[in-house]
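Some notes on the structure that comes next.
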């Protein structure tokens, strides 16, 4: 279905810089997210007919309710999207709208960059559709402002069409998903639903209830610096220790060499001097046993290197970040089956695959609200080649509307 305000709403949202900050100690991590919630979303949520719209200062979520209008629809269903965008330039976002995409390269503003089917063959799936792209200097922010726009548009449509019967709907727009902390303080009691969906997926038909289990790893390497001219048998180069550590990780277990259900170790940062160095990794896997094995391997590697050095010069810090929500959701597949049924009713082929990442739904599911993920439309997210199809966004609205009407 065509929704008149969807494109305008989406463009308005993405023009606001809501980039999160991984080094911040506050929640939300940036003031721009607070301003977006209070100055943009809150008045609009109230204007389209949501009730009890309130901002939770302790966690940065803006929440609202659309009461049920049919006694026989007794479920309470939530829809969640995140306000922040990823770690890429988000200042001065200037979206381009390509009507009736005919194929071929898309020039991204005056940046000199091209969005090319040779590089991104999925572009060929969107012939004849309306695409929104960047101008090549920023990301777009479809992750996840497409989700916010879709949820808002669905609510607006229901309020404007009161003869459409629906269950109670609660919506929540939150901070800091991209830096992995947004759902840490999610208020389950305040949200009070039977189950929920994050509208944070990619292409048409995505329906996901499996995520990685995730850990963060920080490693400190303690060296000993002496003059290189007299270093034999005395110098311990901390940077060399970091290199040796990394080279003992399985070469095939890297993001660029894995897919499907394969896990990995991913080096994010390595810096230092001869005297002291540090590296940061993320560790990902799907199954409990293999996730535990990866962490155990790290501990054993550090111990092995320290034994060889004769002292503790490799110091590790491992922190679990989130877990595969399949463990929770498979106990009651109602939200997955409901979304699947709605997609099939709309002639959308459900693509049920694991998320090679995480969503806020991972943590929220373990807090007691099963929260699978449905598509929002974004492609090539987190960079200058990001784009979204308006037609896919419209179908995401259709799915939301279908879910809340199901008995």
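Positions of Cβ are set from backbone N, Cα and C atoms, glycine also.
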Given that Swiss-Prot records 82, 200 as binding Zn(2+) 1, the matching residue among 143, 259, 269 is 143
Inter-residue C-alpha distance, residue 82 (Zn(2+) 1 binding site) and residue 177 (active site, proton acceptor) (nearest angstrom):
6
Just checking the recorded positions 84, 143, 177, 200: which sit within 10 A of residue 382 (Zn(2+) 2 binding site), CA to CA?
143
Cβ-based neighbourhood (8 Å from the centroid) of the Zn(2+) 2 site, residues 143, 178, 382 excluded:
85, 86, 87, 88, 139, 144, 177, 381
Can you name every residue in this chain, apart from 82, 143, 200, with its Cβ inside 8 Å of the center of the Cβ atoms of the recorded Zn(2+) 1 site?
81, 144, 147, 177, 178, 198, 199, 359, 360, 376
